[in-house]
Amino acid sequence: MSLQLLSDFSLLAHNTFGFDARARHAMRIDSVDAAVALATDARIANMPQLVLGGGSNIVLTRDFDGVALIVGMRGKRVIGEDGDAWLVEAGAGENWHDFVAWTLAQGIPGLENLALIPGTVGAAPIQNIGAYGLEMGERFERLGAVELATGARMEFDRAACAFGYRDSFFKRAGRGRFMITSVVFRLPKAWTPRAEYADLARALDAAAKPDAQAIFDAVVAVRRAKLPDWTVLGNAGSFFKNPVVSAPAFETLKQREPGVVSYRQADGQVKLAAGWLIDQCGWKGRGIGGAAVHDRQALVLVNRGGATGAQVLELAEAIKRDVLARFHVELEMEPVAL
Ligand code: EPU
């Protein structure tokens, strides 16, 4: 198999921040066979490789002196069912939101809370995307991947993926080593709405018992109201994770800052709303050059036009310093910086 090796490739259309970085080379990988062939392709041997899906979780701070691998496997299908659930599979290059809409059109609910999240199906497990009371890991069955160094085809079940809050094996020990090629979801037949998240509950008609489509529509409406559309205003969604602190640390903080927005976790630790912390530090709407804090959601950094990845990271550092100084809480960046 001989794939086309592109040169001096613009990544502008391949990162949702809209940074005009370039890759020395690029290849479009549209099949599992093409992914397998990479390991024995002499043209790219020993070249740094960057696997790119929708580019919705990356901050490009420079040109990439290697080969960008643009993931393009397509296909969506119901692959089976048992008494409890449907199994639905999608190619890694499918657009996530289109896939969610497609499952509902098949009469299979279960992913509706994750509507309108930018990016591809293959990127979803890497950071275990989550929103409005649901994490992808809860609906995940397995994924197919190719190990870049060897071309070996592999399968990862839920345990192997080690999902956590915006976290997985693929952000840790597995980082940069695999190309995810397809993902299988297990969508339970016994569907119950997840509509407790405050913003979502408000958007739904309190009197009616919402169906999956109503939740999908409400999630889309809430996201459109709060989160910038990256095609208009470049961004990578939440720029920081919501930090998790110990119960004693939370009690100390709560005494000093009674208004702090928090969510107690099953293990007794407490998750803090990073957007609130940043907002309280007065950052909403402010920025450095073209890089700014979104004026409706302080957790989202945006490219107001002409920003560089370096400016976004500089802004992020300034925010981290202020939050640390005032709340003694360390923020952790969510997207990957290159
Ligand atoms: N808040 C403020 N000011 C702000 C932003 C938020 O006071 O500028 C307060 C809100 O009033 C609310 C709380 O912080 O009480 C939480 O805000 P929100 O409901 O907007 O959610 P979030 O915790 O900021 C998380 C996810 C989002 C996800 C939403 C909904 C993370 C890092 N972010 O945001 O995910 O859509 O919950 O579930 O967990 C993403 O990861 O890219 C993302 C957008």
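Glycine is no exception: its Cβ is also placed from the backbone N, Cα and C atoms.
Feature annotation from TrEMBL assigns active site to ARG166, GLU334. Per TrEMBL, active site, proton donor is recorded for SER238. If you look up TrEMBL, you'll see 19-190 marked as domain 'FAD-binding PCMH-type'.
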SER238 (active site, proton donor) -> DSSP, reduced to three states, gives strand
Please report the distance from the Cα of GLU334 (active site) to the Cα of ARG166 (active site), rounded to the nearest angstrom.
8
Would you count the other CB atoms within 10 A of the CB of GLU334 (active site), including those on all shown protein chains?
19
Whole-Å Cα distance, ARG166 (active site) to the residue listed as 'active site, proton donor', is 11
Quick note, SER238 (active site, proton donor): same-chain residues at least 6 apart with CB under 8 Å of its CB -> ALA274, GLY275, LEU299, VAL300, GLU334
Integer mean pLDDT for the domain 'FAD-binding PCMH-type' (19-190)
97
